[in-house]
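So the structure is just underneath, and the comments pick up after that.
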Amino acid sequence: MHKLVLTAEERESIDALIDDIVAADENWDPMAAMEHAAEAAPSLPRRLRAFLAQARAAESDVTIVSGLPIHPGLPPTPGGWDLAAKSGAGHREEVALLLCGTALGDPFGWESQQDGRMVHDVCPAPGMEASLTSASSAKTLSLHTEDVFHPCRADYVSLLCLRNPDAVGTTVTRVGSLDIPAPLRDTLRESRFRFYPDDSHTGTSHSAGAAGGAGNPSDGTTGPVLFGPERAPYLRFDIDFMSGEDATAADAITATQEILSNAADRVALEPGDAVFIDNYQVVHGREPFAARYDGKDRWLKRLNISRDIRRLYAGGTNRSRIVPA
Ligand SMILES: O=C(O)CCC(=O)C(=O)O
Ligand SMILES: [Fe+2]
């Protein structure tokens, strides 16, 4: 884990960049905000730029920037991402995340997720307490690769904390910390697993603890769980949205879930903390919590970042940062 704590002076200079971008965008246009953020990112404090460049070059698995500006006039936590989108709450914080995100790579969004918005809201929504999406609260969000089904899923999933009054933990397991027995490792390296689009894309709704969301086999894509260099592999896993192609592969999923859970660390994000989770080396999830829907609930902004947007353009039909899944 790598962490940088910004000074008050650095925070003020980031705030000034945000002022300029918000002022330039009278009618908030997220795509324009992203472009302005990309132009302004070279003006971020030198220490922050160096830290993010180093994280990228060294393939840091969990990278935290602490002390980003959160506006004192932040509105109450909305009761779900759709309400957040309508009210436009937290634009300044979206810009803060875009500034860091464009310093690390190429931000993008999915057409099928949160109305095709680039920056997502992660906040509890009434009726979704037990869902398998980020809107859940009462149930553990199990350790997962973000958008596990997609060959061009994010290289980093980033989360900026606006509120987290109960210090609810984001859970992370780093593949580098695992000791996987050789026979299991061999199975995981074979293309014996099928990965499915999750409920945040399909609009269907499964509950945690039920059968999970593994869909019609024809919807899935197959591949291995572990891939890449033998000694420093990458990982692709989401127990709720994958299945084994045979009984051994199914057993391997159960065994791996146990190993991942036992190795989990937790990061309780505080307002102004942004975490950049390497989506190839780390699976992440969330501890359960009690949503109150009183405007003070936990609230994060989320941004997907690719290290090379062309991987997505090459498989698509146009060069849009909002990509069909
Ligand atoms: O709320 C969290 O800490 C993580 C939620 C999550 O997995 C996500 O938004 O992708
Ligand atoms: Fe996630």
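Cβ coordinates come from backbone N, Cα and C, glycine included.
Fair warning: this is a prediction, and the values are worked out from it, not measured in the lab.
These come from TrEMBL:
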type    : residues               : note
BINDING : HIS144, GLU146, HIS284 : Fe cation binding site
BINDING : THR173, ARG298, ARG302 : 2-oxoglutarate binding site
REGION  : 199-225                : region 'Disordered'
DOMAIN  : 243-303                : domain 'TauD/TfdA-like'
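Checking the binding-site residues (THR173, ARG298, ARG302) against HIS284 (Fe cation binding site) with a 10 Å Cα-Cα cut-off leaves THR173. Neighbour list (HIS144 (Fe cation binding site), Cβ cut-off 8 Å, at least 6 residues apart, same chain): ASP198, PHE237, ASP238, ILE239, ASP240, PHE241, VAL283, HIS284, GLY285.
In sequence order, VAL119, HIS120, ASP121, VAL122, SER134, VAL157, SER158, LEU159, LEU160 are the residues of the chain that are 6 or more apart from ARG302 (2-oxoglutarate binding site) and have a CB within less than 8 Å of its CB.
On the 0 to 100 pLDDT scale, the domain 'TauD/TfdA-like' (243-303) averages 98 in the predicted structure.
Cα of ARG298 (2-oxoglutarate binding site) to Cα of GLU146 (Fe cation binding site): a distance of 20 Å. Compute the center of the Cβ atoms of HIS144, GLU146, HIS284, which mark the site for Fe cation; besides them, the chain residues with Cβ within 8 Å of that center are LEU143, THR145, VAL148, VAL157, ASP238, ILE277, ASN279, VAL282, VAL283, GLY285.
Look at the domain 'TauD/TfdA-like' (243-303): DSSP puts its residues at 16 helix, 20 strand, 25 coil. Cβ neighbours of THR173 (2-oxoglutarate binding site) (same chain, under 8 Å, six or more residues apart in sequence): LEU143, LEU260, SER261, ALA263, ALA264, ASP265, VAL282, VAL283, HIS284.
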